[in-house]
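If you check TrEMBL, you get these features:
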TRANSMEM  29-48  transmembrane segment
DOMAIN    41-289  domain 'G-protein coupled receptors family 1 profile'
TRANSMEM  60-78  transmembrane segment
TRANSMEM  98-120  transmembrane segment
TRANSMEM  132-154  transmembrane segment
TRANSMEM  197-215  transmembrane segment
TRANSMEM  236-259  transmembrane segment
TRANSMEM  271-291  transmembrane segment
């Protein structure tokens, strides 16, 4: 396809997971089910924590925000995909694509920071239990959420503004079911040096929070191993087991997407890998926390 410079872009084309028309009903049913499970599961977690006064603690405060973020994260991508499958259309408007990129970055950033905040909460609870209520007070928890939101908003808006200055070619096919930042930048005909630098800075920011999580759990494990009783060790491990599972799920799938996109040249494989990053973690988080946590089970029973 010839690539001519085009400053005014009407729409992009989302190639999705498969162009096979016979497979579309199956994909529609699969992703509709996953989306409904994600929304219902995270909404139940959010309502259970809000309605049970025993769960008004820093750990569950961060968890309720994570559940809300997961709902928004999935809502940014899946409904548009379902609509495209249903209408047999692959188009997304330029404004819609840019909006999707912006909100994806906001909620992905929020998820990243919330997981780091939850790791810090577990670090204080296990390594400095006597000072827990003093350190993890309501002001600090609110400040962490506010800072996470502000940094995510600033980062997303900066990237969105940098995309606005780009001109695009006639080849506007995105090999995903949503508008991913890196894929949109690849389609630009103009100089993308600034955009690529900002993308690398974003990766560094994500790496810093991930290193913070690793440091927190390194200290947690070393503290747990010093506990003399096996029962005490098990109880300490159980308090952070759910969060650790979510961390592995989120970062493991995210790293898998970028490794697969770097190694393979098959766009369909990259699109399938992106499902593991954007759809699966938000769906699995409620199950991980409700199945492994006695307090959450009790709160959900009361709610239902």
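We number each residue from 1, going along the chain as drawn.
Every residue, even glycine, has its Cβ placed from backbone N, Cα and C.
Counting Cβ pairs closer than 8 Å to the transmembrane segment (197-215), the top stretch among 29-48, 60-78, 98-120 is 98-120. If one looks beyond the transmembrane segment (60-78) by at least 6 residues along the same chain, the residues whose Cβ comes under 8 Å of a Cβ in the stretch are 31, 34-35, 38-39, 42-43, 45-46, 49-50, 100, 103-104, 107-108, 110-111, 114-115, 117-118, 121, 141, 144-145, 177-178, 246, 278-279, 281-283, 285-286, 289, 295. Within its own chain, the transmembrane segment (98-120) has Cβ neighbours under 8 Å at 59, 62-63, 65-66, 69-70, 72-73, 76-77, 80, 92, 141, 144-145, 147-149, 151-153, 155-157, 159-160, 163-164, 178-181, 184, 202, 206, 209-210, 212-213, 216-217, 243, 246-247, 250, 278, counting only residues six or more beyond its boundaries. Same-chain residues lying 6 or more positions outside the transmembrane segment (132-154) and placing a CB less than 8 Å from one of its CB atoms are 58, 61-62, 65, 105-110, 113-114, 117, 121, 124-125, 205.
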